[in-house]
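As written in TrEMBL, here are the features:
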type	residues	note
TRANSMEM	44-63	transmembrane segment
DOMAIN	96-242	domain 'Peptidase S54 rhomboid'
TRANSMEM	99-123	transmembrane segment
TRANSMEM	135-153	transmembrane segment
TRANSMEM	159-178	transmembrane segment
TRANSMEM	190-217	transmembrane segment
TRANSMEM	223-242	transmembrane segment
């Protein structure tokens, strides 16, 4: 497909060949942490983001295949569209808006639920550290910066980037900076599925190492590794600027 042609999905819908950010290659999944919230009564922005994202997917899931594809094209982040090399599929939507809307679309249930699991485990503590409004701005900023990282390394890409994992990676970057010693219970895929308590810096450090590994190896999986790395880096950089004054870096150690 050349730069003048937008991505179109093939006949099989279960494994779409697009730049969707799947967590299926993860060797572990977080179950919960032992890090209680201290500064807010309830992390309603975290749950609100989860609710809106799930609602978007529920709407997507009832669309006919052609309409599902068109929604992905309309609201996903397509590099050649954002760069004005191809007309915006939705005339009334500014090109920059797709740098945000893509984060609320998902390719399938696994893509959605894995992203929401990571947001559920780590998001409440970052909302607690930042405050409600600043956390919302932080999350959206990480989504934008993750998309720009993907765009930078896919300038002529005509496939739609979708999924919350760039924004969620930003949350993870903030978490490892603020709570590196917090215990996270993970479901590890070693020989069997084993629940293990590990320090956050081990789990998240291993996660970022896997992203770098797949980038270096040139993985052909339909995963936006650069969006993950860009989102994580954004979280590291923005966390000191967004955190409340009474929240120390590195867990106060």
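Note that the numbers count up from 1, one per residue, in the order the chain is shown.
Each Cβ is built from the backbone N, Cα and C atoms, and glycine gets one as well.
With a cut-off of 8 Å between Cβ atoms, the residues of this chain six or more beyond the transmembrane segment (223-242) that come close are 19-22, 25, 126, 129-130, 134-135, 137-138, 141-143, 145-150, 152-154, 161, 163, 165-178, 208, 211-212, 214-215, 249.
Beyond the transmembrane segment (159-178), the same-chain residues lying 6 or more positions past its ends with a Cβ under 8 Å from any Cβ of the stretch are 7, 17-23, 53, 72-73, 76-79, 102-107, 111, 115-116, 118-119, 122-123, 125-126, 129, 138-143, 145-147, 149-150, 200-201, 204-205, 207, 224, 227-236, 238-240, 242-243, 247-251. On the 0 to 100 pLDDT scale, the domain 'Peptidase S54 rhomboid' (96-242) averages 91 in this prediction. Each residue in the domain 'Peptidase S54 rhomboid' (96-242) gets a DSSP state, and the totals come to 102 helix, 16 strand, 29 coil.
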